[in-house]
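First the structure, in the form of structure tokens, and then the observations on it.
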Amino acid sequence: MTDIHAQKILILDFGSQYTQLIARRVRELGVYSEIHPYDCGDDFITEFAPQGIILSGGPESVTGTGTPRAPASVFTLGVPVLGICYGMQTMAAQLGGKVEAVEHREFGYAQVRAHGHSQLLNGIEDHTTPEGHGLLDVWMSHGDQVVGLPPGFKLIASTESAPIAGMADEERRFYALQFHPEVTHTRQGKRILERFVRKLCQCEARWTTGNIVEDAITRVRNRIGAERVVLGLSGGVDSSVVAALLQHAIGEQLTCVFVDTGLLRLNEGDQVMATFAEHMGVRVIRVNAEERFLQALQGIADPEDKRKIIGRLFVEIFDEEAAKIEDARWLAQGTIYPDVIESAGSKTGKAHVIKSHHNVGGLPETMKLQLVEPLRELFKDEVRQIGLELGLPYEMVYRHPFPGPGLGVRILGEVRKEYADLLRRADAIFIEELYRHDLYDKVSQAFAVFLPVKSVGVMGDGRRYDYVVALRAVETIDFMTARWAHLPYDFLDLVSRRIINEIPGISRVTYDISGKPPATIEWE
């Protein structure tokens, strides 16, 4: 079996919003990468034994006091190093170069001229000048710049406003770029990263979907042995892929618990049972807990309170069911790599909590189960590819995100069965028409929201005084920022008419045209 972790790239995070993007780009090249804090220490780096190191960008200024620096071992380990933006600046400062703050931050598109036929950039270009020099279309985002090269370095790139936009010490294999090769705005960014990872670091393409699945199955079997595993199955992408993976790895040793909260999408419970219990032969215990959830949410209007109640009750019910499974020794969870990174990052205490996380909180300590997280090394796009490899339906694997509390946070204010039933039907019509008009995969997330207010309407000769729903559709790459989807007016008109005509109790449909920021994607 191929050792998919034998060759790896270490990414030291200096706080850039693009750090995860660097890791994903490296993995897309078939090479395993991990993100760790810039101050992880020399011992850790030596033990990690990377084939190469990438220093990320970051929001700080190298010219300030007490700002982040790379551990000394980065430059003594003898492996190739690539500094990006802040990573370039700290490399320059630490190795004897000079960095200064610029009067005007450079942010956005720029054109870079390549110099000196460096191993990193040679032959990579978007255009050429009349004199034959290569030009690159790139993305810049910096407030400092290198104004003096460190000893041993040569100039490899420049722009009109940044005379030193790239530098290299070819002998020590240290390279640095002021621009961001990881973002799509830098058109040749993938080729630059490929040159660094595959040629300069000499990594082979071992990180492939087939190899990842084979590795995960082997590791699960070695760790679990003949013991039983319990998994909370929600119907979401992550838990569904874990279920499929464990079914392939350990078969009948897996039992899934599917808690039907009464806050799921239309027919979702039946779809989950059909896919896993009937089609894949997974042992699934379905718990109809609608009454318990609705009772617990009675009179509760605050979104955070609703989240906590739903999370606590889910854990309670899951705990009850898991206790009934004889000889269960392991709890499987759909933790993915961004969860691991965010959890590590939150320990710094610098992040502000906008909303408590959708995923269910920790299980009670009384539950004496060991944890198995087969997806904890994987990004979401990798999880989806594995789902397809394991035979899950495309529609399930590429389904839009759905919050852990379900419709509980898409019904504004108090949750009632009547509201949930109306919302389920409106949401189903919206999604059905998105599929029918080939728009579902063109938006990143789409759903309906129930507004607990009544609006007057007219049906035939009579007046109606019924509820309002809002439709929400957004386009985004990372869900950190999003723009509202400009769906065709004729399409919105059709969806609105269907909802109002087919669902007694709804008299008005609105469309949410708020971006993120300032709004969040979910309403609560």
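Each Cβ is built from the backbone N, Cα and C atoms, and glycine gets one as well.
The domain 'Glutamine amidotransferase type-1' annotation in Swiss-Prot covers 8-206. Annotated active site, nucleophile per Swiss-Prot: C85, in sequence order, evidence recorded as sequence analysis. The annotation active site is assigned in Swiss-Prot to H180, E182 on the grounds of sequence analysis. Taken from Swiss-Prot, the feature domain 'GMPS ATP-PPase' covers 207-399, and the record attributes it to sequence analysis. Annotation source Swiss-Prot lists ATP binding site at S234, G235, G236, V237, D238, S239, S240, citing sequence analysis.
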Could you state the CA-to-CA distance between G235 (ATP binding site) and E182 (active site) to the nearest Å? 32
If you skip the near sequence neighbours and keep only those at least six away, which residues in the chain come within under 8 angstroms of S234 (ATP binding site), Cβ to Cβ? S240, F258, V259, G404
Among C85, V237, the most crowded of the recorded positions [Cβ within 10 Å]: C85
Within 10 Å of the Cβ of G236 (ATP binding site), how many other Cβ atoms are there? 18
To the nearest whole angstrom, state the Cα distance for the pair S239 (ATP binding site) and E182 (active site). 29
For a quick check of understanding: among the recorded positions E182, D238, which residue's Cβ has the most other Cβ atoms within 10 Å? E182
For S234 (ATP binding site): DSSP state (helix, strand, coil): coil
Distance, H180 (active site) to C85 (active site, nucleophile) (CA atoms, angstrom): 7
Return the count of C-beta atoms lying within 10 angstroms of the C-beta of S239 (ATP binding site), excluding that atom itself. 21
I want the residues beyond S234, G235, G236, V237, D238, S239, S240 whose C-beta is within 8 angstroms of the mean position of the ATP site's C-beta atoms, in chain order. L233, V241, V242, G334
Rounded Cα separation (Å) that holds between H180 (active site) and G236 (ATP binding site): 33
Cα distance (Å, whole number) from E182 (active site) to G236 (ATP binding site): 29
CB neighbours within 10 A of S240 (ATP binding site), counting all protein chains shown, number 25
